[in-house]
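Notes follow once the structure below has been shown.
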Amino acid sequence: MAPKDDPDNRGFDDQRRPSQRSTVLAIPALAVNDPKSDPKIASDLPANYVDDDDDAPKMYTPSLLEKILNYALCRGDIANQQLEAQPVSIPGLFRYGKKFDYLLLFIGTICAIISGVSQPILALVSGRVTNALLVYPPTSKQFRNKANENVYIFLGIGIFISITNFIQYMCFQHCCTRVMAQMRHRFVYSVLRQNAGWFDKNHSGTITTKLNDSMERIREGIGDKLGVLLRGFAMLIAAIVVAYIYEWRLASMMLGVAPTCCICMSLLARQMTSTTIKELIGVGKAGSIAEESLMGVRTVQAFNGQEEMVGRYEAELEKGRKFAVWKGFWSGFFGGLFFFWLFSFLGCGMLYGAYLLKVGIITTPGDVFIVVMSMLLGAYFLGLISPHMMVLLNARVSAASIYQTIDRVPKIDPYSKAGKRLQNVVGRVKFENVHFRYPSRKDAKILNGLNLVVEPGTSVALVGHSGCGKSTSVGLLTRLYEPEAGNVTIDGTDVRELNIEWLRNTVGIVQQEPILFNDTIHNNLLIGNPGSTRETMIEVCKMANAHDFIEKMPKGYDTLIGDGGVQLSGGQKQRVAIARTLIRDPKVLLLDEATSALDAQSESIVQSALNNASKGRTTIMIAHRLSTIREADKIVFFEKGVIVEAGNHEELVRLGGRYFDLVKAQQFKADPEATEEFEEEEIDLDDTSRSSRRSSMTSARSGSEAFRRGNSLNDSFSGSKRSAQADAENSAFAANEAAIMAEDGQITAGYLDIFKNAKGNYLYMFLGTVFALIRGLELPALALIFGWVFEGFTFVPYGGRMMHRMAMAVIAFASVGVGVWFSQLASSVLFAVVSENLSMRFRVQSFRNLLYQDASYFDNPAHAPGKLITRLASDAPNIKAVVDARMLQVIYALAAIIANIAIAFIYCWQIGILGTSLILLLAFVMIGLAYKISLMNVEQIQNDDAGRIAIEIIENVKTIQLLTRCELFFDHYQTSSKQQKRSELKKGMIEAINYSLTQSFMYFMMCFTYAVGIRIIYQGDKSSDDTFKGIIAMMLGAVAVMNSAQYFPEFVKAKTAAGMLFNIIYRKPRTGDLMEGDRPEIRGNILFENVKFSYPQRPLQPIMKGLQWTALRGQTVALVGPSGSGKSTNIGMLERFYDVTGGALRIDGQDIRKLSLFHLRTQMALVGQEPRLFAGTIRENVCLGLKDVPLEKINQALELANANRFLANLPAGIDTDVGEKGGQLSGGQKQRIAIARALVRDPKILLLDEATSALDSESERAVQEALDRAREGRTCITIAHRLSSIQNSDLIVYIDKGKVQEAGNHTQLMHQKGRYYKLIKKQDLAV
């Protein structure tokens, strides 16, 4: 049950959540807003309250007492470390367990202890059999009866151990699955609560890496590995107890190995912890790069930036790889040293035991074997579980990082129930002397004493240059951020005193870059208001001019729109976002460039709807297209964070100030044909202007003629020679695409396929395998030495001859220890190099091939970026199991098994046959189980939506918070993760069967080999010495099977992961190889020739139905038309994100599918509708895909894009970090950087898809002038809904319903008074 005082528990039963113990109280207005500076407020804050200034890492350093205790408890990992957070304790890993989980943990622990305690019985029973062999005549019935008693004990223990091991594995795996589900839920829940300032400092890629990589490390640490660890420690303690029971002197002597072993393990843990933390940092940064690149893959492709992004990704992975290799070194060094000390003490124990036997303190040699074998088994298994200890250490370090996020309670907490909820909202908004700077950019002040009053029911428009603080003001009103000084109030109440959820429900916002989610249109609208009916949805969609296009979708309102709304155009997305806001019926409406992506007709309809929706409510608008705000009650002009002009449209125009300059910048050319027939001669121009105008008219006429020729071609196209050529070309390309699609099935990968991809590492693998095989000869060597020792105890009386044999045994055991030390060190380092190289190669190859895929690949919901990022984060590390320390254990085991089988055949072939048969039987069972688990893994991955949803949440958390739907998305994540949880539990059952069989296998092996061996000795077929050597050999072979089988789940997972990655690595894009094709000189003539096209995900909904238009070299062609008419698709096809499905698209007369895609894109430059920047400096973003660009050229491009003015105000200039996705820049600033990125390439074809939509009028005019200069001598295709920016185009093409409806220049189309004319009249700002 949830705690009574926890109304927002969300099903989390753990009352230790600080955020549920207390909540942030309403904070009164302060001149300088630091809650901790006011003692009254500070006393009410949660213990783990933080603000953005508190997020700097606070280094943890253990005290002297802690260091001593850490070393004493084998926790040297934190004995001398300075870490950002203290690694959590082992119990702390289960802090989110519930009562049932603790019950499972208790039962599993009991079973693990029972299983561990039972292991020394093996030594005890073996000792009793040894006594029977040495004391009684081998052919006597007394020998046979005594020996057979122990056989039945082996059988009974084997059955008992198999049951306890099954229960142990199931309990730990079930508990782990449930605890990890809770931990993931809490992590996502906590991410949803964090404030905007935290996200400015914590990139979404790093958060995603935590969710995938760090969580996986914790899962590995608290699952079956913990059971194995507990079993190992129980085995060690039980072994010590048994040894002390039989002979305390010998046991005490052998216990001397403990301090040295503890020191080894502590030093190992210390080194592993520090290197793991450094490794995680590199992996996290690489994850951020991968996430950004895949989320903005079209931008990366358009600028041929694939290899640059791959280079950045690889560089960060390389940093982590170096530390991972060091982990292999330390593991091998200290692990080998452990075994050296163990075997040295083992030899000394045999020597001392022989001495005690000689002097009569020990009466039978079997007791020596019991004590020595007990201590050996305990210590040996402790050494073998050292890799599991490293896994546990990794889990503790990762958990510390995860818990920091989970425990963080921000000052602006969307889950807080505190704060006022005003009953009768009037809607008076006031900004009073507001100062603000972003937490991540303390050196740049955005608002500098803003004073603004918005009276109830009025509309106020904010205008000004990009980056002047307009959107920041909106962020302060919605409490994404808080001012550093001053107050923001609603109806006289400081927004900091209001309940956040109530505030954001009261204030509805349409953001500059609309965010939609990977769901149906219906569900996206429900996010706005979960209680809405379909009738209400249809009503608001009609208001937002969205209903008509939605009805034309394949499933109407139930159509899936893909990741980020990829199936919709920019204008369609914005209309759905507007409808989603209107359905909330907010009291205060914030419109941040709400209609920037709409065509003029849609904008007029939607603006009218917004004007109607604004009636009776306070509305704050931000718009660069001034026609949308001319009806506002008040227009305020921002500059440098303060208001410099205010008034309505007419007042500000009469004032003739800055606003008037913006209006003039957006006025259209005078239209002399508005009331009379058009005559070119009557236009009064000077000679120069007339010459220029005639040139423009000639160009326009050529374009119009081309359009008319295109229309006539449409009528008789099927019979033309060019049509036949286009059809033949399409048939060839269609056949190629069909072949690619046929190859795009599921690729099944085997272990050999993984090794085939290890080119360049074969020498390391060979040498590593050689050393691993040498390391694997340890158990056969021990079998021979034990057989040799057994013979020594037959030297009766026990005297000098026996002691000499034991002295030689000391040397033999120490020699094996030295061999193990050096072979383990060498093999561990070599395989660490191979595993990290291979994992990095798979990551890089997968990432590289993803960046080269065509757009249709990403349109497929199965290939949503969220899912692909999860695959990159988890599959490549999973493959490492085949080539890292786990593979070493298997090689050790294989070498030991083969060598022990050989020894058994040499000394007793009957035992050899029996043991080999048992091992093969177990192998067949394991293969069957592996196949079953592999199928379950594939099914689980294919059905896993939880990872995609989590990434969608992380990417769009600010939007989710503003919509007050944190809990809705959290519920969605919880629901989707239940399927994953069920799959894990089913898979755990199969893995538990495997674990049970392999861990009890040694007892069954001993049972059957001793049963047959006793019979052989009794019948006199073999001597007891040879039979004993054969049995010991097979026993140690069974130990090898048991040791290696625990890695069985990881190997199955590696095979599944390899198949998933190979599907990515070997997939060929439909657009073909980037470098193949012709590379002619591009002049810039473009022809859309009867082009037909449908998106692959919507084949029955054609976008182009015989589209025909031409752009001649050096022309500027503007594409206009309703949102969703296919304008951006035209540009996407020129960039070859998609290929035509009918007709042909030609550049300079050649089908672009025959051109090298790399060459084609080097001749083009694209400025997209939603400019995508990447983490890094402004310089790096401008030069994306280019090498060695001179600084002068970069500055020239930035100046052309009108970016130099705001750059001058940045302390680091062009070396300023723009933040993740350019988050540190305003929308207009981002767009200017994107324009500079295009201009620096000096392209032959310039593609501008709403290139100036986020710019203020003055910046737009300056940038437009720059673009006008930049397009001289090159072909320019531009899309713009702000028609003032395209009126000087040589040709304007109006596209609707998949065809060209009108074409001509501005004057010609105005003369026609058709569709274009109507759009112009809607945006006319004539004064």
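From the backbone N, Cα and C atoms, a Cβ is placed for every residue, glycine too.
The topological domains that Swiss-Prot gives for Phe143 and Ala876 carry different names, which places them on opposite sides of the membrane. Within the same chain, the transmembrane segment (887-907) stays apart from the transmembrane segment (226-246): fewer than three Cβ pairs sit under 8 Å, each pair at least 6 residues apart. The highest tally of CB pairs under 8 A with the transmembrane segment (997-1017), across 105-125, 152-172, 226-246, 248-268, 806-826, is held by 152-172.
The stretch from 332-352, 767-789, 806-826, 1031-1051 that makes the most Cβ contacts under 8 Å with the transmembrane segment (248-268) is 332-352.
Long-range contacts of the transmembrane segment (105-125) within its own chain (CB-CB distance under 8 A, at least 6 residues past either end) are made by residues 94, 97, 150, 153-154, 157, 160-161, 164-165, 167-172, 175, 227-228, 230-239, 241-242, 369-370, 373-374, 376-378, 381, 999, 1002-1003, 1006.
In this chain, the transmembrane segment (1031-1051) does not touch the transmembrane segment (332-352); fewer than three CB pairs sit within less than 8 A of each other, excluding pairs fewer than 6 residues apart. Through the fold, the transmembrane segment (1031-1051) approaches residues 126, 224, 228, 384, 751, 776, 779-780, 782-783, 786-787, 878, 881-882, 886, 889-890, 892-894, 896-897, 900-901, 903-904, 907-908, 911-912, 914-915, 919, 922, 926, 929-930, 933, 991, 994-995, 998-999, 1001-1002, 1005-1006, 1009-1010, 1013 of its own chain, all at least 6 residues removed from its boundaries and within a Cβ separation under 8 Å. A mean pLDDT of 85 is what the model gives for the domain 'ABC transporter 1' (429-665).
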